[in-house]
Amino acid sequence: MIRFFYFSLGPIAGALISFITVPITTYFVSPDEYGRASMFIMVQTFLTVYLYLGFDQAYTRDYHENKDKKNLIHNAMFVPLLMSTLLSVIAILFRKELAMWLFQDESMQLPIYLLCISMFTLILERFCLLSIRMEEKAKLYSFLTFIIRVFVLAVTVLLILFGDRDFTVVVYGTLIGQMLGDCVIVLLCLPLLNVANFKIDRQMIRKMWTFGFPVFIALAIEAVFTISDRFIIGLRSTYTELGLYTAAFKIASLLKIVQMSFTSFWVPTAYRWYAEKRSIQHFQLVSDIVAGGFSFLFIGILIFKPAIMFVFTDAYQGAVSIFPFLCFVPILYTISETTTLGIVFSRKTYLNIYVSIGAIITNITLALYLVPYYGAKGAALSMGIAYFIYYVLRSVLSNREWEGIALTKQLCTVILLFLVAFYNTFFDYYSVLVNIGVLICVGLFYFPLFHQLWNLYRNKTHGEKVDMS
């Protein structure tokens with residue numbers, strides 16, 4: 001629990017810094033310009049998936065099985081660095097076309113060059129943070145994830161003070177701030193990154209490729225899934241709607257604080273529990289706690305929705321009715337992290353491909369139909385439904401590979417959350433009363449879980465053996 005607290009500090013503080021950045025940025029930048037910037041950030045996010053090629057996932061999978069950690073991380077980074085070189089060459093060769101597509105101005109080539117540099121620093125950041133996380137150095141991990149957000153905020157504020165009021169505030173603030181934070185991480189991890197005596201281990205790379213490539217395919221499809229909504233808004237609607245949608249995603253990122261905190265703690269813990277042959281009851285309890293906890297957090301945010309409206313200027317008020325379904329992204333992803341363990345433990349990572357394909361078909365089909373009629377609200381609704389499909393497929397396929405997590409209670413909870421999200425998106429009458437009523441229902445639904453947790457806590461404080469069987 002103490003490690004979970006320390007793992008949570010960095011993501012929580014970093015997400016709070018990011019949330020502070022939102023009203024500062026949206027106060028000076030119009031929704032149209034904010035939407036233009038989000039197109040560039042979308043491209044950066046998309047390229048990031050193609051950098052790692054699944055080697056980051058293979059690195060965490062093999063971490064505890066390899067004694068030579070330096071050799072492992074060097075071989076794990078080798079192919080991603082080659083990939084970043086290839087993508088950088090392509091981006092530079094077509095920099096004018098990219099600038100014209102993203103910014104409608106072929107002279108805006110500096111962001112393209114910065115993007116190329118950031119691809120290399122992101123690889124170093126990713127593997128260094130993974131190493132720190134797998135070593136369960138919670139305090140250091142939290143500090144480094146926090147410092148990146150601080151640099152992004154600092155650079156953004158400086159650009160605003162210098163008089164910038166367009167999309168470049170977001171673009172340069174994100175890129176330069178990210179790279180400065182990555183420099184700090186690299187300096188702290190220099191001993192691990194020292195390539196003296198490095199030798200390519202073809203057998204190790206082949207093994208990591210075998211494990212990681214199916215994950216990469218799934219993540220590549222998933223990347224299309226995560227950006228398709230914004231791309232369709234830009235295609236079938238306006239940059240203003242895209243700006244509102246992006247701002248709404250920032251509100252939903254409040255729940256992503258918990259997602260990042262939990263997954264940072266849970267991934268190494270789940271592997272350790274599996275190695276220790278812990279009973280399924282341990283995994284079930286964690287899964288139910290996550291589902292119940294997220295339900296309370298989500299409804300709590302909805303209850304205080306009127307307060308969130310004060311964070312944004314009048315131009316961004318529409319974002320408040322868009323964010324409820326976007327909260328399903330961190331909620332259902334995090335819950336599925338506790339129900340998808342059978343896929344990981346069985347090493348049948350190719351099953352993630354089916355999961356991603358099912359989700360992306362759902363999202364694109366619904367978004368193409370809903371966005372022309374409902375704009376950003378339609379995109380949010382399609383994303384919420386798609387993530388429900390994502391959660392169900394991950395859970396069902398996982399349960400075929402091991403004992404599995406009981407899903408009935410979770411499915412009932414998700415359906416209830418879907419109904420309250422729909423009401424808060426398309427209706428506003430007595431929404432506070434409706435949300436409070438749903439909160440009471442969820443409390444009654446999870447009362448047995450609260451009672452179980454209280455008994456476990458009481459037994460532990462009295463020095464009694466905790467029975468999870």
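Indices start at 1 and increase along the chain as displayed.
Backbone N, Cα and C atoms are what each Cβ position is placed from, and that goes for glycine too.
For 7-28 (among others), the entry in TrEMBL reads transmembrane segment.
Residues annotated as transmembrane segment in TrEMBL: 34-55 (among others).
Per TrEMBL, the feature transmembrane segment maps to 76-94 (among others).
Marked as transmembrane segment by TrEMBL: 110-129 (among others).
Taken from TrEMBL, the feature transmembrane segment covers 169-196 (among others). Same-chain residues lying 6 or more positions outside the transmembrane segment (169-196) and placing a CB less than 8 Å from one of its CB atoms are 21, 25, 28-29, 34, 37-38, 40-41, 44, 69-70, 73-74, 111, 114-115, 117-118, 121-122, 124-125, 128-129, 131-132, 140, 144, 147-156, 159-160.
Look at TrEMBL and you will find 208-227 (among others) tagged as transmembrane segment.
Annotation source TrEMBL lists transmembrane segment at 247-268 (among others).
Among the features that TrEMBL reports, transmembrane segment is placed at 289-312 (among others). Taking Cβ pairs closer than 8 Å, the transmembrane segment (289-312) reaches residues 22-23, 26, 247, 251, 254-255, 258, 262, 319-320, 324, 327, 330-331, 334-335, 338, 409-410, 413-414, 416-417, 420-421, 424, 431-432, 435-436, 438-439, 442-443, 446, 449, 453 in its own chain, all 6 or more past its ends.
The transmembrane segment feature in TrEMBL is assigned to 318-344 (among others).
Positions annotated as transmembrane segment by TrEMBL: 351-370 (among others). Tertiary neighbourhood of the transmembrane segment (351-370): same-chain residues 214-215, 217-219, 221-222, 224-225, 228-229, 232, 236, 343, 377-379, 381-383, 385-387, 389-390, 393-394, 397-398, 401, selected by CB-CB distance under 8 Å and a gap of 6+ residues from either end.
Per TrEMBL, the feature transmembrane segment maps to 376-393 (among others). Outside the transmembrane segment (376-393) by six or more residues, the chain places 225, 229-230, 232-233, 237, 241-242, 244-245, 248, 318, 321-326, 328-329, 332-333, 335-336, 339, 354-356, 358-360, 362-363, 365-367, 369-370, 411, 414, 418, 421-422, 425-426 with a CB less than 8 A from a CB of the stretch.
The transmembrane segment annotation in TrEMBL covers 405-423 (among others).
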Maximum Cβ pairs under 8 Å to the transmembrane segment (34-55) - stretch from the list 7-28, 76-94, 110-129, 208-227, 405-423: 208-227
Positions whose Cβ lies under 8 angstroms from the transmembrane segment (76-94), at least six residues beyond its ends: 47, 50-53, 55-56, 58-59, 112-113, 115-116, 119-120, 123-124, 127, 200, 205, 208-209
Chain residues outside the transmembrane segment (110-129) and at least six past its termini with a C-beta under 8 angstroms from it: 40, 43-44, 47-48, 51-52, 56, 59, 73, 76-77, 80-81, 84, 87-88, 91-92, 95, 98-99, 102-103, 141, 144-145, 148, 168, 171-172, 175-176, 178-179, 181-183, 185-186, 188-189, 192-193
